[in-house]
Amino acid sequence: GNHTLLSEFVFSALSSRPEVQHLLFFTVCLVYSMTLIGNLLICVVTMHPTLHMPMYFFLRVLSFLNISTASVVVPKMLANLLSEDRSISYLGCVTQLYCVVFLAATEWFLLAAMAYDRYVAVCHPLRYAAIMDTRACLSLLLLSCCSGKVVSVVQTAWLFTLPLCGPRRINYFFCDVPPLVMLSCRDTSLYERQLISATVLVILTPFCLILLSYACIVSSIMKISSAESRHKTFSTCSSHLTVVTLYCASGTLIYLQPRFGNSQDAKKFFALIYTTVIPTLNPLIYSLRNKEVKEVLVRVV
């Protein structure tokens, strides 16, 4: 009853040394620029008539989500690196958390949709065009967005029903669940268990669907007699598997820890990788490992 509810939050500095802050600013600014340029190129390239396939439609959406994820977090972080005022309003924090959770959950379900697309292409090639038509692609996209919205609404509403009493300074660079839970002035063990359960559900449900899809894909690939054909078929799936591994590793290391108070700096590091580096790597992974994308990219550039 003696606690004062917070009306704003203050992010901690990524470093106490000004020269390091400036170096981080230019580094993050460079990475963010690469994220924007790389993902915008993927969006443009995948609209080419020769890449008018469901796989490239989902890749275009994934690139848009990468741009959105980075843009929700990085501009504010860049401003904080050059300013003494690193505060964010209560409403701004709610909005940022909602967007981060929505985009992260939507990306996970979209990766599951991409795995299903690869399953149909490999296991049912003659029926691929009939199964993965425009309506099916839009339905899978809508399902991914709706799933992400449900997760973000539930998590954001539940978190901000907790009384956040202070201190208002959080050891993080954006509004995320782990640092905000630590500001609560009441026992959060129930919420932590709920969050871990929700994270397991959000990560494992798409991950199990992805594993099931690739189990069927591998089974079909092994039936192909030509080694060259097997290699070509698997190469179309390797990029997607690489991205899934990156998302799964980062999400697990950030949210599936026993206690939020442990290894907060490590969580902050992995969150920095997730919000800045991974969106930059996705265009590189898909362009460098996909011959069709590389050919069109050269023509466009």
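Just so you know, glycine gets a Cβ as well, placed from its N, Cα and C.
Residues or ranges marked as domain 'G-protein coupled receptors family 1 profile' in TrEMBL: 38-286.
TrEMBL lists 20-45 (among others) with the feature transmembrane segment.
Remote same-chain partners of the transmembrane segment (57-75), defined as residues 6 or more beyond its termini with a Cβ less than 8 Å from a stretch Cβ, comprise 28, 32, 35-36, 39-40, 42-43, 46-47, 96, 99-100, 103-104, 106-107, 110-111, 113-114, 117, 137, 140-141, 173-174, 243, 275-276, 278-279, 282-283, 286. As annotated by TrEMBL, transmembrane segment applies to 57-75 (among others).
Residues or ranges marked as transmembrane segment by TrEMBL: 95-116 (among others).
Per TrEMBL, the feature transmembrane segment maps to 137-160 (among others). Nonlocal intrachain contacts for the transmembrane segment (137-160), taken as residues 6+ away from its ends with a CB within less than 8 angstroms of a stretch CB, comprise 54, 57-58, 61, 94, 97-99, 101-110, 112-113, 116-117, 177, 180-181, 191, 194-195, 198, 202.
Annotation source TrEMBL lists transmembrane segment at 195-217 (among others).
Residues or ranges marked as transmembrane segment in TrEMBL: 238-257 (among others). Residues 62, 104, 107-108, 111, 114-115, 118, 176-178, 195-196, 199-200, 203, 207, 210, 214, 263, 266-267, 270-271, 273-274, 278, 281-282, 285-286, 289-290 of the same chain lie 6+ residues outside the transmembrane segment (238-257) yet bring a C-beta within less than 8 angstroms of a C-beta in it.
The transmembrane segment annotation in TrEMBL covers 269-288 (among others). Beyond the transmembrane segment (269-288), the same-chain residues lying 6 or more positions past its ends with a Cβ under 8 Å from any Cβ of the stretch are 28, 31-32, 34-35, 38-39, 41-42, 45, 59, 62-63, 66-67, 69-70, 73-74, 100, 172-174, 176, 239, 242-243, 246-247, 250-251, 253-254, 294, 297.
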### Task
Would you kindly list the residues that approach the transmembrane segment (20-45) from elsewhere in its chain, counting only those six or more residues past its ends and only Cβ-Cβ distances under 8 Å?
13-14, 51, 59-60, 63-64, 66-67, 70, 74-75, 77-78, 81-82, 276-277, 279-280, 282-284, 286-287, 293, 296-297, 300-301
